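Taken from Swiss-Prot as is:
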- 1-835: region 'N-terminal globular head' (REGION)
- Lys173: N6-acetyllysine (MOD_RES)
- Ser260: phosphoserine (MOD_RES)
- Ser272: phosphoserine (MOD_RES)
- Ser288: phosphoserine (MOD_RES)
- Ser346: phosphoserine (MOD_RES)
- Ser434: phosphoserine (MOD_RES)
- Tyr537: phosphotyrosine (MOD_RES)
- Ser579: phosphoserine (MOD_RES)
- Thr604: phosphothreonine (MOD_RES)
- Ser721: phosphoserine (MOD_RES)
- Ser795: phosphoserine (MOD_RES)
- 857-887: region 'Disordered' (REGION)
- 879-1134: region 'C-terminal tail' (REGION)
- Tyr1133: phosphotyrosine (MOD_RES)
Amino acid sequence: MPVFHTRTIESILEPVAQQISHLVIMHEEGEVDGKAIPDLTAPVAAVQAAVSNLVRVGKETVQTTEDQILKRDMPPAFIKVENACTKLVQAAQMLQSDPYSVPARDYLIDGSRGILSGTSDLLLTFDEAEVRKIIRVCKGILEYLTVAEVVETMEDLVTYTKNLGPGMTKMAKMIDERQQELTHQEHRVMLVNSMNTVKELLPVLISAMKIFVTTKNSKNQGIEEALKNRNFTVEKMSAEINEIIRVLQLTSWDEDAWASKDTEAMKRALASIDSKLNQAKGWLRDPSASPGDAGEQAIRQILDEAGKVGELCAGKERREILGTCKMLGQMTDQVADLRARGQGSSPVAMQKAQQVSQGLDVLTAKVENAARKLEAMTNSKQSIAKKIDAAQNWLADPNGGPEGEEQIRGALAEARKIAELCDDPKERDDILRSLGEISALTSKLADLRRQGKGDSPEARALAKQVATALQNLQTKTNRAVANSRPAKAAVHLEGKIEQAQRWIDNPTVDDRGVGQAAIRGLVAEGHRLANVMMGPYRQDLLAKCDRVDQLTAQLADLAARGEGESPQARALASQLQDSLKDLKARMQEAMTQEVSDVFSDTTTPIKLLAVAATAPPDAPNREEVFDERAANFENHSGKLGATAEKAAAVGTANKSTVEGIQASVKTARELTPQVVSAARILLRNPGNQAAYEHFETMKNQWIDNVEKMTGLVDEAIDTKSLLDASEEAIKKDLDKCKVAMANIQPQMLVAGATSIARRANRILLVAKREVENSEDPKFREAVKAASDELSKTISPMVMDAKAVAGNISDPGLQKSFLDSGYRILGAVAKVREAFQPQEPDFPPPPPDLEQLRLTDELAPPKPPLPEGEVPPPRPPPPEEKDEEFPEQKAGEVINQPMMMAARQLHDEARKWSSKPGIPAAEVGIGVVAEADAADAAGFPVPPDMEDDYEPELLLMPSNQPVNQPILAAAQSLHREATKWSSKGNDIIAAAKRMALLMAEMSRLVRGGSGTKRALIQCAKDIAKASDEVTRLAKEVAKQCTDKRIRTNLLQVCERIPTISTQLKILSTVKATMLGRTNISDEESEQATEMLVHNAQNLMQSVKETVREAEAASIKIRTDAGFTLRWVRKTPWYQ
């Protein structure tokens, strides 16, 4: 089957597929319509010449290459293309003598398919060889990185740096060229990110090696920390280069990276649990320990971390972990409540505390088992990939030694481990069956090679058979590992809400548990937010979480009993919708407040650490101060990371922003201990320039990463909400300052004033970023003016705070300080107002009745008509046109069967309302009667009805599962598009058109009444609509004043042309198989799967483009000539 992961392959296959599509249509015309097929001798001769040239170049490459895999894989592709070309030539010759020949038509279609498939195989084989060249360079760098461990002198370091530089430059150049060639945007981003990380780490590596050499040669303290820094950097660079190697080998987008992320998350959770277990048990053992102190918080954090692990598990394992967490949480609440009432030493309280302590041990064991199982499966999966890679080299070499057979046996052993851990017996048996077949084939091949017959045709055929079987085994084991994990919910809030909504609307549809997983993810985030809240706020959020949990369980129970469409289920679904909205709003409010607090000052702790590290050797308590500040810095970094993760999970960020936050949080967690180590080296080597430079390098890297994290967090939350939260926090700080002055507490006053200054500076930073992001001159000017005014109020407030702290009883100084504080509040309010200018009331208020004047004067009479003239007739109302089905233009080719069917569906659908919540039976006659009456009276149909049609293909009963994936994808896009009227909005009109066309393609692919021509033409029509969506989206982006939104829109819409081109090629491949009996089921299924995957990607990309275009249209230039009208079909306020 064709693959299109590079622009070169796509550009070659597209014209080939276009020509093949013409041959396919000719074949069908001869087969169905009985038409004579014209003379094809000349075009087939041209194809033959092109194929001969391609094969000649390929054979020359094979003769000169040292790549054994290329030598093995090229000959079968040559044979496939040459055979297909021979069939075409034979078909042309037979048709020349008999234009109606049936065998000739069969040769024509089989040869066409073979040309397309064989050309794809040749191009893919060439491309894989090019990838192996890049991988060899990457592996060379990996090997040289290990040499860093033996560099112990400055001379060796200089030599090492000189040797590493050219190789790194070559790798960077090759990766840059490769990423530009890739068609998968995700792969490009992954390669660029990993390569950028390697580049950033290179100076850190040199610095770490330099400080290690310096401390070792001078025999100073800090060698252990320097060694940790160096090893960390080497391991980090190696991991990124290994990730580059993995991505280079991908030919389709896969979500396989989740396994390593989940393993890493489980390990981190387990480490966190272990570190807090003693503190938690200490609190439980002490009946006099206060509720809410560090010990109780440790228990909450343990349950939180264990809950994260539970969410990563499936089936019984998941239920046990989450059930234990919930039970222990309730028991901890009871213990805390008893202690708050002074009954901590009572037998009931002591017994409960002991039960919680024992329960924590049980929970820890469950978490360890879950982590061990996932790690075992992941390790086996990765081991299989490496061993199969080595085995393929052995299979390609007829004279290979016995080590290749050992690699295959090793891969089979790892696959057996995965089979044993499978919960699904069918999957387990399927893997075990494959193991037996591969083992037998490998033994037979090894015997032939031991007999010196490794180069015989039989041995070569066996080698190819084993290679294919190993690839199939890898696919099966990968699927088994993926199926052992729970359904993955979206990574961002809106995605989870959408998944949850789809399940709530259709609880009886099997969505593989995605909808419920999304709801569980939202509830889990709610619990995490509640853990850092106190008092009634915490109880309120937990109550909302429990309410959503209960309603979800009740709805799922009804659906399981087949009552998902009952009145009770519909009532539950409505309640669950409302509860989810409440939970979402409360979570976002809590998260915004936390971001406002935690991110008000990100760099002071690291600056204080730097001061402690550079303290003079004779400074008092030098070591103790350093340890305290290092602990504060680590704690602060942890808070930043945890809060950023909550912003990613609960904020309004898109997928790329969420992934960016997660990456920066991971980097911060890795860098923090390295910064502390670098600071400790500097502390123990005062005055050492190399130690100082190394610490500065590590510190700057940490600060740069946190600044990036802060920017992404600001993107993830609503700016206006953040400013509101910051303003409220400043008011509270000012109230604390009043209390401090009243109680004569200067330190409390200074703390409050410092907090006010930090929050004000944070607001300035947010405003500065928004000004840089915008190209709207009025907005920039307004925000800049408000920011300048705020900036001028901070220093006077700080000076007034210092003055009043020195003489806190002076009423005059107190008044000056409070006046300064209120000026800051006023300036903050102006910044906030600049982000949300006052809009006129909607609807406008009624006029003042007192201003109305009623008189008895009659209106002047109409002037009489000229004598003898008759009044002209009333002009007819404007003709109502169906935007989805524009009139055919002269010379335009339209897929007639599909369009006729679509028009019939459209006419039928006009009889029914598409407004939600109105049963068809209630509106059928009334709506039609009203519409007919309006038409008869000469009045236009009301605007509400102007584009209320839903093609029947997209109106499947919502209570029935959609088993056709292409149709499901079309419905998903259609649901998104029908939120808006398409009057005056060409993007919405094109999106609806695409949804209809894709629904038609679903019918054609399923073997409906359509033809090969219809399938090919449908794909072309979809591509045409895709081009229109892309063009319009780029126009919107060009006029958008928000740089961030513009970039998002362009990134989404740039995927569409590539995917639509691939759809045309795949449709041609599928068309060559329709009605053919000599195609294997496996080959036909593979073609269908690729077409389905492509269609889903296209629908998703258009859906995202519609959303981003709507967001971009809000920030359109005021002088833009290009506008789109965004009018909701169902207004948000109804």
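Glycine is treated like the rest: Cβ placed from N, Cα and C.
Sequence-distant contacts (6 or more apart, same chain, Cβ under 8 Å) of Ser346 (phosphoserine) comprise Leu338. Fewest other C-beta atoms within 10 angstroms, among the modified residues Ser272, Ser288, Ser434, Thr604, Ser721, are seen around Ser288. Among the modified residues Ser579, Ser795, the residue whose Cβ has the fewest other Cβ atoms within 10 Å is Ser795.
Summarising the environment of Lys173 (N6-acetyllysine), the number of other Cβ atoms within 10 Å of its Cβ, over all protein chains shown, is 11. With respect to their backbone Cα atoms, Ser272 (phosphoserine) and Ser795 (phosphoserine) stand 41 Å from each other. Each residue contributes its Cα atom, and for Ser288 (phosphoserine) and Tyr537 (phosphotyrosine) these two points are 25 Å apart. Around Tyr537 (phosphotyrosine), a 10 Å sphere centred on its CB holds 15 further CB atoms from the protein chains shown. Mean pLDDT, taken over the region 'C-terminal tail' (879-1134), works out to 66 on the 0 to 100 scale. Checked against Ser795 (phosphoserine), the modified residues Ser434, Ser579, Thr604, Ser721 differ in C-alpha distance, with Thr604 being the nearest. Ranked by CA distance from Ser579 (phosphoserine), the modified residues Lys173, Ser434, Tyr537, Thr604 have Tyr537 at the top as the closest. In the three-state DSSP reading, Ser288 (phosphoserine) counts as coil. Reported as a whole number, the C-alpha separation between Tyr537 (phosphotyrosine) and Ser721 (phosphoserine) equals 18 Å. If you measure from the Cα atom of Lys173 (N6-acetyllysine) to that of Ser434 (phosphoserine), you get 41 Å. Under the three-state DSSP scheme, Lys173 (N6-acetyllysine) falls in the helix class. Taking the C-alpha positions, the distance from Ser721 (phosphoserine) to Thr604 (phosphothreonine) comes to 25 Å.
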